[in-house]
Each structure stands twice: as structure tokens, then as C-alpha cells.
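Take this structure first; my questions come after.
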């Protein structure tokens, strides 16, 4: 039977209902929007739940976005650092240009870093930190003696089995323990962590100055054991050449740029403050450090040294480097926090466990003759890997150190504002 033309379909609570002529039809047509109290309550609750879900989802997305934005802005250095390692592993500078690239970057990049430090550090604070001899002894003893003794113990254990590790890697570990603290990354990281940058500059320059005198002596002492892995070396004993090359690099890339930067700061204080602080051009030092790190990895991948090392040796070096860094960091932090201010503790924590790759290249090429580029790259692998981890760990430590020192900085800020208010009222 065909439905009546007057029949209609009404949507009620999600279902279609056919209604013929009956008393209920007139009531529904007259009041189509009317719902029972229970139905109205259900609709309201459903709407509120839908709105709450949308708000909650939007809030979660906003929080995730803010966290990602903060991490990218705060840790851009680490992200670019990882990207440069990836690029250097795929594309390298041609071998005939490697030497020129290394010379130009090792001088120019370090010079930029220390010129900016000279422009941004107070001369008075810098001079005051040079006379803090107790901290000098504290840092340099850990950098040269504690670190070298620990690495010699590790190398001696690894050398028990001659088939376990390549001899050049063992010698590279000894170099790692005897070279001084690095200059560039220490200064950049200390500044980012709100530590005593002037103290870091002083400790770095002092370590670089002592390196030509202490590192060869320590290496000869450890290598005189006559172990099987020492037989691959042929000593040159041309220490005059070592001193000439190292001090030439120190003078042109560190002391001269630092002096020029200090001169510019004292002659044009307002201009340097505007350029490096207000315009944030101080970040150029971080960019210069990234270029320096890229150059190191580019040479290592270009020489094919990583391809010739057993995977088990690389894995061992990775875990050993991380362990050594945290052990040296823990010793430094535990022994410095009891007698140093927080800013000084941060500076020491970046100086003591860090090592300078830039000092290994001239020392290894001058101290020992007839080292092929491939063997020299293998000798540098322990320090290259250590540098990668010290930069990565140091970058994350900037977050921890900034939070640790923030209450003290806030108190200093309030004190300065209070003193400024007192002077204005007077």
C-alpha cells in the first residue's frame, strides 16, 4: 500500500520515523524543536564534551608546538651540529684541498671566536681571573694528570689482548688523555650556560700554553713502557718545531684576536655592546665553532679512517668516551662545588673534562715522522669521537646549568634593581 501524501519523515534522536495521520503528528509539527529534559541534558553534555575535547586537543598541540619551538631555538647548535656530521659523512672536500681547508679554518674560525670574546669580556674581570692560581692548579691538574693517568690505565687494560684494538686507536687514547682542554667549544658552551666565561677563556689559553711543554713529556713517559702498540711510532724528538708551530697558531688565532677585541671594546664600548649584545652577533662564535667541527669530521670521513676500523672498536670507543666524560665531569663538579661559586663551577665543569682536537694534529705530525694520512686519521678517531660527545653533552648541560643558576641570577637582578632604586631616591 502506498503511503499517504501527507506522511512525512521526521528526524528524532538520530532515527527516521514515518508518521501517519494521528494526534501525535500535530504535536510534533507544532513543536519540532522541543526535546525532553533528559534529551536536552544529553545534547548539552555531548556538546560540552565535544567542545572540551577540541579545547584539550588544541591545548596539547599548542604545548607540543611551544616545546618544539623552544628546543629548536635553545638547542639550534646541537641540531646544526648533527646535520653537519651527516653532511660530512656523505660529501667531503677533495683530498688535494684538505690541507688548505684545515689551515684556513683552524686559524680563521678560532680567531673569530676569540675576537668576539675580546669584544664582549670585561678587561678587569679577565685580568682578575688570570691571578686566580688555585683554580688554575685545580683545572690543569685534572686536565693533564688525572685524565692522562686514567686513559693510560684504560689503554693498558685494552692492550692485554693484541687482537682487541688497533694500535693507532690505543695511541690516540693516550693523546686524548694528555692534550689540554679545548678553547672554542668551552667558551661558547660556558657563555650559553651563564657561567664565568672569563675564567673559561683564561683556563683554555693557559692549557694551550702549557700543552707544548707537558703533552710531549707525558706521552713519552706513557709510551716508554715498551708495549706492543708503541712499536708503530717513529719519534722525531724535534721539540723546537713543536714549540714553533704551536705558539705560531696560538699567537695568530688566539692572543692577537683577543688583544684586538679587547682594544676595540675599550675604544668603542657602546658600539661593541650594540653589535654583539643587542644585535646578538655574539652567535657568530657558535657558527665559527660549527665550521671548525665540520672541518674535523670532513677530514676524518675523507681519509676513510672510519671504514678501516672494526665496528667493535668504534662501539667500545663510543661507550668509553661517554663514560670518561661523565667520570671527569663528576669528579670536577663534586670537588669544585664545595669551594667555588656556581658560575665558576660551570666554567670548571666545561674545562676539566673537555679535550682539544686542534692540538692533536700539529703535535702528532711533528712528534712522530712517517705517519701516513690514513694512520694519522685513525690516531685522531678517539679524540674526534670524544669531541662529538663533549659538544653534544655540553649542549644539553647548558639547559641544566641555566636552571641551576637561575635563582642566584634572579636574586642578583633583584639586588641590582633595589640598589638602583635606592640611588634614584637619594
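The backbone N, Cα and C atoms fix where each Cβ goes, glycine too.
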Between 262-279, 280-297, 298-315, which stretch does TrEMBL give the note transmembrane segment?
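Per TrEMBL, the stretch marked transmembrane segment is 280-297.
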Mind pulling out the one from 70-91, 103-127, 139-162, 280-297 with the most Cβ pairs under 8 angstroms to the transmembrane segment (168-188)?
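Of the candidates 70-91, 103-127, 139-162, 280-297, 139-162 scores highest.
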Run the contact check on the transmembrane segment (70-91) against the transmembrane segment (317-340): 3 or more C-beta pairs under 8 Å, excluding pairs closer than 6 in sequence.
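They do not touch: fewer than three Cβ pairs between the two stretches lie under 8 Å.
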